[in-house]
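Annotated features, as they stand in TrEMBL:
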TRANSMEM  15-39  transmembrane segment
DOMAIN    80-199  domain 'MotA/TolQ/ExbB proton channel'
TRANSMEM  118-142  transmembrane segment
TRANSMEM  162-183  transmembrane segment
Amino acid sequence: MTDNHLFSKGKNVDLIFSAGGWLMLPILASSVAAAAIILERFWVLRRERIAPSALRQQVVRQALSAPMSSTQLYELEQSSPLGFLFAAGLRNLEFSRVVMKESIEEAAAAVVHDLERFLSLLGSIAAITPLLGLLGTVLGMIDVFAVIMEQGAGKAPALAGGISQALVTTAAGLSVAIPAVLFHRFFERRVQDMVVNLEQESIKLVDELYGQRAKVSSGLDERSRMQRDMTEKVIPA
């Protein structure tokens, strides 16, 4: 009995696809593409992958202890999007704070582009699949009215069946579009939150590095002044 039930379900699916006509194929392809994008974005847009929580502290300690080599900067750049921003800034650490921030902002444009990858395609799927479904319904209704013109409107059950078949593509298109819209908005919001977090972490990195450098510089100036004062006391003018 279970096998017959499963067989009838599979048969119903086949009937639905055959009733929807050839437009069910692009709708089905769109559903597969949307599912693949959703799974891929869930995997890529993990917070710990984008902005590791302890990365800034590690980079600050390492940069203050000794200048980072090109190999270390490359490894940092490849580690995560946040590491990519940090590496861009550290390559200009010997310049002013403004130059370092500008280099991070330039790198951020590439990072944002990667974070938003495939989201425009997901939005297009959400917009197009209802139109494909509507087109299938319109074509189906045209066929129904053609039958009415040939055979008359006396066969109500046949007409009802034809109309229900014509609505199959609309239902299929909406079934793909609704989750696509929801996940598109969800991922857009997640990307926005991550971009804000990346900006905050980058600003903190710049402030901490230049703040520590300013402390070291002021300490050296104070030590130099004290040594000069002591020299003047020992050797009066």
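Quick reminder: no glycine exception, Cβ is built from N, Cα and C everywhere.
Per-residue pLDDT, averaged over the domain 'MotA/TolQ/ExbB proton channel' (80-199), rounds to 87.
Residue counts for the domain 'MotA/TolQ/ExbB proton channel' (80-199) under DSSP (helix as H, G, I; strand as E, B; rest coil) come to 105 helix, 0 strand, 15 coil.
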